[in-house]
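Engineer: Encoded as structure tokens, here's the structure I'll be asking about.
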Amino acid sequence: MSDRQAALDMALKQIEKQFGKGSIMKLGEKTDTRISTVPSGSLALDTALGIGGYPRGRIIEVYGPESSGKTTVALHAIAEVQQQGGQAAFIDAEHALDPVYAQKLGVNIEELLLSQPDTGEQALEIAEALVRSGAVDIVVVDSVAALVPKAEIEGDMGDSHVGLQARLMSQALRKLSGAINKSKTIAIFINQIREKVGVMFGNPETTPGGRALKFYSSVRLEVRRAEQLKQGNDVMGNKTKIKVVKNKVAPPFRTAEVDIMYGEGISKEGEIIDLGTELDIVQKSGSWYSYEEERLGQGRENAKQFLKENKDIMLMIQEQIREHYGLDNNGVVQQQAEETQEELEFEE
């Protein structure tokens with residue numbers, strides 16, 4: 001063994017002794033380099049994310065205009081985590097969570113941890129404590145814009161507090177990012193949109209809370225309403241576009257189109273018809289939709305209603321879509337799961 005190697009081994013032993021086992025290692029020695037995921041609650045979004053869902057141990061920012069469906073997207077993620085037996089927490093800085101609506105989306109409100117903090121510092125300290133416990137699978141902060149620094153709350157209405165919120169977010173994310181990765185917690189930060197004054201060229205829109213969240217986020221989702229969904233004269237919901245603006249774990253800039261129905265959340269039937277038609281699993285002739293020999297209905301809304309009433313056919317179409325994109329029932333990319341299984345068998 002060379003002197004250089006002996007010196008390196010001694011340094012590694014010293015680092016492990018001081019900071020604990022696993023604090024430094026060769027990348028090839030890492031037990032699992034693949035990213036574990038949790039389904040988003042939307043098949044279209046799972047495919048747009050490229051890895052079959054939200055990556056564990058990462059920060060995700062969901063932003064968009066008012067009433068675009070940001071909280072709905074986050075609540076669907078909570079419902080999916082709970083269905084897998086995980087623990088979820090919702091930090092409601094806006095004090096606007098509707099428990100009845102959350103329950104309709106599949107959230108178990110009896111088990112959901114809820115905090116409605118008074119200040120931004122309190123909200124982020126609660127988030128840090130939950131993440132460091134290692135017992136929470138997903139933490140949602142709604143929203144970054146509502147994280148008001150203590151100095152601003154205690155000050156007078158006309159006082160200027162330039163950069164306080166940005167400084168608060170920057171400090172919090174520096175502390176949180178490492179803990180989130182170690183605990184494999186999914187941290188979803190919901191954010192609003194503001195207009196920059198005096199912008200003549202380019203996009204005048206920006207998100208509050210400074211630049212730190214943009215840097216620390218592994219995934220950034222932009223949620224926007226595209227059009228209203230009507231039944232006669234009644235508005236039943238909105239067609240919503242979710243764009244993956246940033247993605248550190250798969251190719252970015254993919255878009256998912258979903259139907260967000262009032263009182264129901266993301267329509268699984270709608271996205272199955274859209275994805276099925278796109279992949280030619282569902283055939284469209286004129287305004288009629290059909291699957292193999294079965295006619296689903298005339299018009300998209302009738303076809304959606306048919307799938308709602310015939311869950312067996314819906315599941316068959318869903319399985320074929322998952323198979324095409326290489327997703328299993330948990331949203332995990334099938335190829336990754338098979339490779340992991342092969343490695344385990346080889347080790348045995």
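Cβ coordinates come from backbone N, Cα and C, glycine included.
Pulled these from Swiss-Prot:
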BINDING   Gly64, Pro65, Glu66, Ser67, Ser68, Gly69, Lys70, Thr71  ATP binding site
Engineer: For the recorded ATP site formed by Gly64, Pro65, Glu66, Ser67, Ser68, Gly69, Lys70, Thr71, which further same-chain residues have Cβ atoms within 8 Å of the site's Cβ center?
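Structural biologist: Apart from Gly64, Pro65, Glu66, Ser67, Ser68, Gly69, Lys70, Thr71, the close residues are Val223, Arg224, Arg225.
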Engineer: Count, for each of the binding-site residues Ser67, Ser68, Thr71, the other C-beta atoms lying within 10 angstroms of its own C-beta, and report the residue with the smallest count.
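Structural biologist: Relative to the other binding-site residues in Ser67, Ser68, Thr71, Ser67 has the fewest Cβ atoms within 10 Å.
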Engineer: When DSSP states are folded down to helix, strand and coil, where does Lys70 (ATP binding site) land?
Structural biologist: helix
Engineer: With every protein chain in view, what's the tally of Cβ atoms within 10 Å of the Cβ of Pro65 (ATP binding site), excluding that atom itself?
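Structural biologist: Result for Pro65 (ATP binding site): 14 neighbouring Cβ atoms inside 10 Å.
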Engineer: What kind of secondary structure is Gly64 (ATP binding site) part of, going by DSSP in three states?
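Structural biologist: Note: Gly64 (ATP binding site) is coil by DSSP, not helix or strand.
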